[in-house]
There are 2 protein chains.
Amino acid sequence: MPSDILTVEQLDEKALLERIFPRLGPTTALIGPGDDAAVIAAPDGRTVISIDTLVQDADFRLLWPSGYRTGGYTVGWKCAAQNLSDINAMGAVPTSLVVSLTLPGSTEVAWVEDLASGLAGAVTSLMFDTGRCSVVGGDLGRGSQIVVTAAVTGDLEGRAPVLRSGARPGDVLAFTGALGAAAGGLAVLESSLDYSTVREEPDQLLATLVASQNRPHPPIHLGPRAAAAGATAMLDVSDGLVRDAGRIALASGVGIDLDAEYVRTRAELLAPAAARLGADPLDWVLGGGEDHGLLATFPPGAVLPKGFVRMGIVQDGGGVTVGGVAPQTTGWDHFAG
Amino acid sequence: MPSDILTVEQLDEKALLERIFPRLGPTTALIGPGDDAAVIAAPDGRTVISIDTLVQDADFRLLWPSGYRTGGYTVGWKCAAQNLSDINAMGAVPTSLVVSLTLPGSTEVAWVEDLASGLAGAVTSLMFDTGRCSVVGGDLGRGSQIVVTAAVTGDLEGRAPVLRSGARPGDVLAFTGALGAAAGGLAVLESSLDYSTVREEPDQLLATLVASQNRPHPPIHLGPRAAAAGATAMLDVSDGLVRDAGRIALASGVGIDLDAEYVRTRAELLAPAAARLGADPLDWVLGGGEDHGLLATFPPGAVLPKGFVRMGIVQDGGGVTVGGVAPQTTGWDHFAG
C-alpha cells in the first residue's frame with residue numbers, strides 16, 4: 001500500500017473519533033457522544049430497541065468478483081438502513097443509533113470517514129431529515145475484519161407495537177417497498193460480469209439492482225402509518241418473502257397465501273436482469289432478502305396506507321403458499337450449510 | 001477437531017437461537033426476543049444508551065500464552081459487565097441489553113451456550129437479580145473471528161445524568177471498585193507462567209487477578225447512589241485511572257490531583273503479584289483498565305455513599321497529578337501504536 005494512504009493504525013482513538021464525529025451531523029440526543037453513554041428522549045415511556053451487524057466477507061465484500069469495490073459510504077448506509085427498518089417494522093419512529101466499529105489496522109481512514117457519512121446519509125435520507133434520529137454514541141476497536149454493529153432505538157408515539165403474532169384469518173396481506181432487487185444486485189456483484197461495463201445500456205437495470213443491494217431504501221415512514229391504520233401484524237422482509245411471511249404465519253398460527261399474479265408481476269420486472277445472469281427472477285422475489293420492504297396484515301376492509309398494495313390473504317391453517325401452491329424457495333439463513 | 005464436537009456451522013440460525021434463549025433467563029422486556037425489535041419500559045421518559053464490543057485476539061484470547069483457555073461464560077460476563085458499567089457511570093439503572101454475536105463456523109455450540117449463560121450470569125449477579133434488566137434481543141452472524149457487541153440501556157429514575165463535565169475546583173475526588181487488578185490479571189495471562197500452577201499457593205493472588213480480568217465486578221448499584229448523593233462528575237475507569245481522570249479534567253476544565261498515599265496503598269496490595277511477574281504495580285494502578293470501578297467528584301462536604309473512598313481533589317488548572325507530580329503512565333488506547 002502506498003505510504004501516502006492514511007490507515008487507522010496511524011491514528012490514535014481520539015484522532016480517529018475527531019474525523020468521524022463531524023460526519024455524523026448534529027446530534028438529536030439530550031446528551032450526545034462523549035460521555036460513558038448517551039441520553040435520548042423516550043416520550044412514550046417505552047423504548048423499542050434492536051441490534052444488527054454487517055460483517056466483511058459475510059454481508060459485504062470490499063472487492064466483489066465483478067470488480068465492484070464497496071465504499072465505506074455503502075456499508076454505513078446499509079447498516080443504518082437495516083437497523084432503522086427493524087424499528088419501522090414495529091410501527092415505531094427511529095430515535096437513535098449507537099454504532100460499534102471493529103476495524104483492521106490497515107483500514108483506510110477515508111473509508112471510515114465515508115462510513116460515518118453513509119450512516120448519517122441514510123438516516124437523513126430515509127427519515128426525510130426529521131431531526132428525530134442520529135448516531136448518538138459508539139465504540140471503536142481492532143479486529144481482523146471489518147464488523148459494523150448498530151443498535152437502534154425507536155419511539156411508539158403512544159401506539160401499541162405491531163408484532164408478528166397478530167394476523168387473523170381473513171386479514172389482508174399487503175406489502176410496500178422493493179422486492180427481489182437487492183437479491184438481483186447481489187447476483188450481479190457475485191457474477192463474472194465486469195461491473196465497470198454494466199453501468200451502461202443495455203445493462204443499466206443491473207446497476208440499479210446493485211444500488212438496491214448496496215443502499216436499500218426501506219420505507220421508514222410507512223411503519224408508523226401502517227400501525228395507525230390498524231395493521232395486525234408486520235415485519236420487514238430481510239430474509240426473503242416466503243421465509244418472512246412464514247414467520248408471521250408461525251407466530252400468528254395462521255396460513256398465508258400470496259397472490260400468484262402479484263408475485264409473477266414483480267418477477268417480470270426483474271426478468272431482463274435475471275436472464276442476463278441465467279437466474280430465475282422468481283427466486284429473487286420469493287427468496288431474496290435485504291430489500292427491507294414492509295409486509296403487513298390488516299383487518300378486512302381496512303383502508304391500506306398509501307404505498308401498501310394488497311398481495312395476499314391470511315387464512316386458517318399454517319405455512320405459506322403462492323396461489324395455493326407451496327413455493328420452492330425458502331430464503332436466507334446465516335448458518336444453514 | 002473430533003467429529004463429536006458440535007459447531008455452529010452444523011446448526012441453522014433457529015436451532016442455535018433455541019439453545020441460546022433458555023440460558024438468557026426470563027425477559028424483563030415488555031416485548032422480548034422474537035420480533036423485529038424488543039420493547040422496554042422507559043418510565044423516566046429518557047433512555048440512557050451505550051454500546052461496547054469484545055473482539056477475539058484484541059480484547060481476549062481463546063488460548064493465552066500462559067495456557068489459560070477463555071470460556072464462553074467469561075466472554076459473556078465481561079461483555080455484560082462492561083456495558084452495565086457504562087450505564088452505572090451515568091448514574092442510571094441498566095434496563096436491557098441487546099447482543100450481536102459474530103461467530104466463526106467452527107465455534108463450539110457449547111462455548112456459545114456458555115456465553116449466553118455468562119451474559120445472564122453477570123446481569124443477575126451484578127444487579128442482585130433485581131428483575132429490571134435482561135438480554136432482550138440480538139443478532140447472529142458469521143465471521144472469521146468472534147466479535148461480541150452489546151448495546152445497553154438504562155433508566156435515570158428522574159435524576160439528571162452525571163456527566164464528565166461537572167467537576168468544580170474544591171470538589172472531592174472519590175473512587176469505588178477494583179483498581180489495577182484486571183491489569184494484573186492480563187499480565188498473568190500474557191506471561192510465560194504456566195497458568196495450571198498459579199491457582200495454588202503461593203501464587204493464588206495471581207489467580208485472583210485473572211478472575212478480575214475475566215469477570216470484572218463493577219459496582220453497578222453505586223452509580224445511582226453517587227448520583228443521588230450529588231456527584232458532580234463520574235465515569236467508569238475502563239482505560240486506566242490517570243487517563244480516565246484526565247477525561248474528567250478535560251471535560252470539566254479543571255485539574256485533578258490524586259492522593260499519593262492512596263495510590264501507593266493500592267499498589268502495595270498488588271506488589272507481591274507484580275514482583276512475581278517483574279512488573280511495577282504502580283503501572284497497574286495508574287494505567288490499568290478494565291476494572292470498571294467508579295471515579296466520581298462530589299461537592300466539598302458531601303457525604304460519600306458507602307463504598308466510595310476519598311482519593312484526591314479537584315483543583316484549578318488542568319491535567320492529572322499524583323501528589324502534585326505528573327505521573328509517567330497514561331493508559332490504554334485501542335489504536336495508538
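Keep in mind that glycine also has a Cβ here, set from the backbone N, Cα and C atoms.
Taken from TrEMBL, the feature Mg(2+) 4 binding site applies to B:D36, B:S50, B:D86. Residues or ranges marked as Mg(2+) 3 binding site in TrEMBL: B:D36, B:D86, B:D236. Per TrEMBL, Mg(2+) 1 binding site is recorded for B:D52, B:D139. What TrEMBL lists as Mg(2+) 2 binding site is B:D52, B:D86. The substrate binding site feature in TrEMBL is assigned to B:D59, B:E290, B:W332. Annotation source TrEMBL lists ATP binding site at B:G138, B:D139, B:R164, B:S238. Among the features that TrEMBL reports, Mg(2+) 5 binding site is placed at B:D239. The domain 'PurM-like N-terminal' feature in TrEMBL is assigned to B:34-154. Taken from TrEMBL, the feature domain 'PurM-like C-terminal' covers B:168-270.
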B:D59 (substrate binding site) has how many other Cβ neighbours within 10 Å of its own Cβ?
-> 22
Looking only at B:D36, B:D139, B:E290, the binding-site residues on record, which one has the least crowded Cβ, with the fewest other Cβ atoms within 10 Å?
-> B:D139
Sequence-ordered, the binding-site residues among B:D52, B:D139, B:E290 whose CA is within 10 A of the CA of the residue listed as 'Mg(2+) 5 binding site' come to B:E290
Could you say which of the binding-site residues B:D52, B:D86, B:D236, B:D239 has its Cβ with the most other Cβ atoms inside 10 Å?
-> B:D86
DSSP says what for the domain 'PurM-like C-terminal' (B:168-270): how many helix, strand, coil residues?
-> 54 helix, 14 strand, 35 coil
Let me know the most crowded of the binding-site residues, choosing from B:S50, B:S238 and counting other Cβ atoms within 10 Å.
-> B:S50
Please report how many Å separate the Cα atom of B:S238 (ATP binding site) from that of B:D139 (Mg(2+) 1 binding site), as a whole number.
-> 26
Compared by Cα position, which of the binding-site residues B:D36, B:S50, B:D86, B:R164, B:D236 is the closest one to B:D139 (Mg(2+) 1 binding site)?
-> B:D36
Rounded to the nearest Å, what's the C-alpha distance separating B:E290 (substrate binding site) and B:S50 (Mg(2+) 4 binding site)? Just drop the number here, would you?
-> 16
If one looks at the chain holding B:G138 (ATP binding site), which residues at least 6 apart in sequence have a CB under 8 angstroms from its CB?
-> B:I20, B:P33, B:V98, B:V99, B:S100, B:L101
